[in-house]
Amino acid sequence: MVTIRADEISNIIRERIEQYNREIKIVNTGTVLQVGDGIARIHGLDEVMAGELVEFEEGTIGIALNLESSNVGVVLMGDGLMIQEGSSVKATGRIAQIPVSESYLGRVINALAKPIDGRGEISASESRLIESPAPGIISRRSVYEPLQTGLIAIDSMIPIGRGQRELIIGDRQTGKTAVATDTILNQKGQNVICVYVAIGQKASSVAQVVTTFQERGAMEYTIVVAETADSSATLQYLAPYTGAALAEYFMYRERHTLIIYDDLSKQAQAYRQMSLLLRRPPGREAYPGDVFYLHSRLLERAAKSSSRLGEGSMTALPIVETQSGDVSAYIPTNVISITDGQIFLSADLFNAGIRPAINVGISVSRVGSAAQIKAMKQVAGKSKLELAQFAELEAFAQFASDLDKATQNQLARGQRLRELLKQSQAAPLRVEEQVATIYTGANGYLDSLEIGQVKKFLVQLRTHLKTNKPQFQEIISSTKTLTGDAEALLKEAIQEQLELFLLQEQT
């Protein structure tokens, strides 16, 4: 017969009582009143914070944007087709954040930092808030290092520095994305991490950009954040902030980063759609009143860190699309006032075969020559003024029948200068090659050539310099100055190549 030992039983009961841990969990919940068009109205959620993530019964995540007296307006991060009226919603107590790590390099992700390239999960041990405050005044220092784009027109006349915000603005189909992607291609070997954010674009266009990066070996140092035209407005609105959070992760690790937002017009449209559906009062062009803040808080995150923070940098190249060259529309004027300069691309120049179609007259960099190496300052100092004068003279010359010799010479020089600024897509030039090219044009060595021969001659000259005068590139890259020795080598190479070229053309 089994004997029951009272002391043993009491010990077991005591142990169980000691182990018992009652967890009290307060969950902030609400009920769906209505849902549709990517917006849900929720009754309840009394303790919810602005910008807090909420989770619906069937798993969809949303962001609480409108906190009203009778309900909460939530924007959905999915299609929300399975959400039903009356279903429950709970507040998560978190605001939007994404995982970050070095493993993101070379990957294509969406606005929630989930991979969409079919290459498996991305490991990350750390996370960053999608919206984080921009560095303060003390945390910054002025821009002084150049960020080379590989495009002669930009690096010589509208230079961009590390930590600058430079707007690329123009009509559709004027080569805005091409300027941005060429800049990424030119960062190879420069120790710059690039983030390309595609907002509301065609999936085929994004695929084309990714293919170009892969073929040119640029994906090794690039992250692509893509929310295509069929994505919800919420995700298109979030994509630039996700890209900025990834770039910041590297910036605060004392690295240099370049981020491209392609394009902010589409983000503003997505935000307008969300705001109107949430019944926020519309302002100019039906955009909400805080659309300026939408872009300013994003672009202010680009900075050049102070020496105390390790001198990392985040350079932003936002793209904005204009309608028939109207730079005075709402979004273009907003972004122009936030950025440190703009590169204006003209449809007329593009159609005239001048590519990149940069209108040098109204493009400007507010950092200026602080973001150029000394060699570039030496050769490109007067070229912007010369080109502006040439454009004015060219317009006048259309009406004048007989021009004096000096004017004819100035026109001929201007035409050759404009010709040397032309570049094929995905063919960025090293800064040493740019210095040689501009020096050749600015010092009249191209005057003896026909306009149609200029491009061919310059290609041959750059090859000649690379193979026969490698010391020239070494001097420029080590001293960053066009020294007397470098100039002598360059003059020699130009004379040799000019004689050879003219001989070839005669035969």
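The backbone N, Cα and C atoms fix where each Cβ goes, glycine too.
Swiss-Prot lists Gly170, Asp171, Arg172, Gln173, Thr174, Gly175, Lys176, Thr177 with the feature ATP binding site. As annotated by Swiss-Prot, site 'Required for activity' applies to Ser363, with the evidence given as sequence analysis.
Cβ contacts within 10 Å of Gly170 (ATP binding site), excluding its own Cβ and spanning all protein chains shown: 27.
In this structure, Gln173 is the one among the recorded positions Gln173, Thr174, Thr177, Ser363 with the smallest number of other Cβ atoms inside 10 Å of its Cβ. Cβ environment of Asp171 (ATP binding site): Glu321, Thr322, Gln323, Ser324, Gly325, Leu345, Ala347 lie under 8 Å away, each six or more residues apart in the same chain. Lys176 (ATP binding site) has a Cβ environment of 25 other Cβ atoms inside 10 Å. Taking CA atoms as the reference points, Gln173 (ATP binding site) and Ser363 (site 'Required for activity') are 18 Å apart.
Cβ neighbour counts within 10 Å, taken over all protein chains shown, single out Gly175 as the most crowded of the binding-site residues Arg172, Gly175. The two recorded residues, Arg172 (ATP binding site) and Ser363 (site 'Required for activity'), show a Cα separation of 17 Å.
In this structure, Lys176 (ATP binding site) is part of a helix by DSSP. For Ser363 (site 'Required for activity') paired with Gly170 (ATP binding site), the C-alpha to C-alpha distance reads 11 Å. Within 8 Å of the Cβ centroid of the ATP site, not counting the listed residues Gly170, Asp171, Arg172, Gln173, Thr174, Gly175, Lys176, Thr177, the chain contributes Glu321, Leu345, Ala347, Phe350, Ala357.
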